[in-house]
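Over in TrEMBL, the protein carries these features:
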{"type": "ACT_SITE", "residues": "TYR220", "note": "active site, O-(3'-phospho-DNA)-tyrosine intermediate"}
{"type": "COILED", "residues": "139-208", "note": "coiled coil"}
{"type": "DOMAIN", "residues": "1-234", "note": "domain 'DNA topoisomerase I eukaryotic-type'"}
Amino acid sequence: GCCSLRVEHITLHEQKDGKEYVVVFDFLGKDSIRYYNEVPVEKRVFKNLQLFMENKAPGDDLFDRLNTAIMNKHLNELMEGLTAKVFRTYNASWTLQQQLDELTNPDDSLAEKILSYNRANRAVAILCNHQRSVPKSHEKSMEKLKEKIEQKRENVQDMQRQVKDAQRDAKHGSVKEKVVYDKKKKSLERLKDQLMKLEVQETDRDENKSIALGTSKLNYLDPRISVAWCKKYDIPIEKVYNRTQRDKFRWA
């Protein structure tokens, strides 16, 4: 981003919303998605940016003496093998690991753990500005999902009544009635589990409607973090990576 940043992409404010030396970034990023960020900086950085903008047109490069070769050469002097891409991957991967550690509860169900994984992935996507416009089909698919959830809730309530009746019959009834009670209890647990999965799916789908999770997962994250997380919490790898992604990351 440093090498493609233009004068028109930033504005400088000595004071903004009670903060000193604020740099406002506003430009179209990856996939023409707007990036907007207000960043307070040190006075020295602020003054340097003012110097870099002097006598330049809006379309001129902000860092006109910098190119990718010069930058990567400098980064390599700091650490062998370090490039802008490695730096970016490190930042994204560190964020994923930190978020997974913070969000994952070992006692959660499989669906809830996958929700935590997607939330960690979303934190990376936001960091990298991997946004997308909300799909046209989103509202319709959410409506259908809500209908499914409502139907499942009714099923749970109906089964709860049946379990209560069966429990009463089994208390002083025959072996057969006790077997019926056990079956009804298992059916109720199964329905509750299905309802929980649908509710998690609704949360997940709504939270990620404007975030492109695939970009960071494929290009910005060290897959070994995801593989290690799956192994640690007994998550089937196919819940995190589809077949094409599993082939790509087989080495991990």
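In case you wondered, yes, glycine gets a Cβ from its N, Cα and C as well.
Cβ neighbour count for TYR220 (active site, O-(3'-phospho-DNA)-tyrosine intermediate): 22 (other Cβ atoms within 10 Å of its Cβ, all protein chains included).
Summarising model confidence by region, the coiled coil (139-208) averages a pLDDT of 90.
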